[in-house]
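Taken from TrEMBL, the feature transmembrane segment covers 36-61, 81-103, 124-146, 185-203, 210-230, 250-273, 285-310, 322-344, 356-377, 383-406, 413-435, 482-501 (among others).
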Amino acid sequence: MPQFLTQLTDALTRAEEWLASRPVFRRIAGGDESHAAVAIAQGIIASIMVTLGSWGVGWLASAQNSLFARTTFLNPLRVEPFGVIACACLLALGSLILVRAWLRLGQRSGKDHQHSVPVIRRAILWWSLPMFFSFPIFSRDVYSYFAQGRLMHSRLNPYENWVSQLPGWFAEGSDGLWAESASPYGPIFLLFAQFVFWISGGIPEIGVLLFRVFAVAGVALCVWVIPLLAERLKSNPGWALWVSVANPLFLLIMIPGVHNDSFMMGAILLAFWYGLRRRHAASVIWALIAIGIKPIVLIGLPFLGLLMAGQGASWGRRIKTWVLLALSVGVGLTIMGAVTRLWFGWIPGMASSGSAAFPFAPIGLVGQGLGWVASLFGLDHAVVAGVFYTLCRVLAVLFILYLALFRNDLHPMLGFALGLSAVVLLAPIIQPWYLLWIVPLFAVYRVYRGLIEELFFLLSAILVLVGVVDQLSVAQWIDLTLVRIITGILGLVYMAVLIFVDPKTRHLFPFNRSSWLQARLSATEERL
């Protein structure tokens, strides 16, 4: 290690020892390494910082019926450049301090996270409480949920009509990127969105609060079922819960970010849990709920059928189980369609929801590149890119069929994890929360140590910082680029300290020789 990094590390160590020696700071610094309360306290402070920062740069509706748009008490934070920059920095620092608290919680929960589930659940609770009162951050999808509820309330089909058809849709907070896209959500969630719009009286802030309650309920489902699945599948319940739900990326996206993915994942995990317990009716019901929120989890049905058929089942039994499961789900979806009057509009809606492409998705980048090259030869850019995206979708489907039909050696949960990973990686759009679909599926099946775990820590920290910098809501008269540069530099400096200097966390990242060597030698994982 370079000498200046060693000096910085020594300085940080002395600073921590000084803080730990002061009674007023004793609860948030130092202490015995087995005391998780210190890490929890640090996370609470970080969560409060995130919430306060969101009041200045979180997403806020500007419609006439918005509660906050008509008030002035937030003006010092949202109107004045100094207040906006201060809130952006507070949000970035709070988010990354929460990452450090999460890493330290893992260290303070014991080497193997044995008997740590209650401690991690307590951390999730206390870290989530302050963020419940934040403005939406990381995305403004919650306002799109609200707008689609308004479509339903107006008796318009969200699979056939767009948010941009609503008067004043932009002032209500919806993202223009998706304003002319069919809804990617299932009929159950759209029915809930209609209920939210109706009971809120069209007031965006009340709608955000109700959708956040829904997201928190999904987090609670995940907190409950993930340790149960991990224990049943001989993984590590504490580690699985810590790496998936206590992860700041999960908490920040699901609670302040208000995403329905938490309930979708909780429901599909419950479907597999009941499938493992041979309670097939409950398994089908929870699978239907998950599909009714986001139809993407349909790809888990082949593996749920394998789970119900049992290990080593004959071809005849597997086919029979698949047919019965398909009929049960089909009947359930038909009932959903009849009740909501949306029928199966989610099928073309789901197919078209990936028609856009983000350059930072590998497939999206390649597709845009192929389209650009094709345009040089007189071909249509959109057509060439669209053909490439379709081929990638077909490849993902073929991979899922291969896993379900020919890889009997794989546990259905692992098969589902691999299949969903293929769908995400071969999609033209990759959002940070797509990673959160996959992590719990792998975590409940086995424990990953060494290089895989270290790279995951790094990826989580990077995505947290990118999510903060990319999704800042700043008034038009304030230079957004300048705010992003200041926030990004501050975040990168703190990340550098976390990765290279901090004596408690630097060895958790794959950037020093001993860490890489340990990762290569650590071929003995808890489960093959």
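Using N, Cα and C of the backbone, Cβ positions are placed for all residues, glycine too.
Beyond the transmembrane segment (322-344), the same-chain residues lying 6 or more positions past its ends with a Cβ under 8 Å from any Cβ of the stretch are 157-159, 186-188, 190-191, 284-285, 287-288, 291-292, 301-302, 304-305, 308-309. Sequence-distant contacts of the transmembrane segment (482-501) (same chain, at least 6 residues past either end, Cβ-Cβ under 8 Å): 5, 8-9, 12, 57, 84-85, 88-89, 91-93, 96-97, 99-100, 458, 461-462, 465, 468-470, 472, 474, 509, 511.
Counting Cβ pairs under 8 Å to the transmembrane segment (210-230), the stretch among 36-61, 185-203, 250-273, 383-406, 413-435 with the most such contacts is 250-273.
Between the transmembrane segment (185-203) and the transmembrane segment (285-310), the number of CB pairs under 8 angstroms, six or more residues apart, is three or more, so the stretches are in contact. Under 8 Å from some Cβ of the transmembrane segment (250-273) lie the Cβ atoms of residues 50-51, 54, 58, 95, 98, 124, 127-128, 131-132, 134-139, 141-142, 145, 185, 189, 208, 211-212, 214-222, 224-226, 228-229, 232, 244, 282-284, 286-287, 289-290, 293-294, 296-297, 300, 304, 307, 412-413, 416, 432-433, 436-437, 439-441, 444, 464, 467, all in the same chain and six or more residues away from its ends.
Outside the transmembrane segment (36-61) by six or more residues, the chain places 27-30, 68-69, 74, 77-78, 83-84, 86-95, 97-98, 100-102, 104-105, 107-109, 116, 119, 122-123, 126-131, 133-137, 139-140, 143, 171-173, 204-205, 252, 256, 471-474, 483 with a CB less than 8 A from a CB of the stretch.
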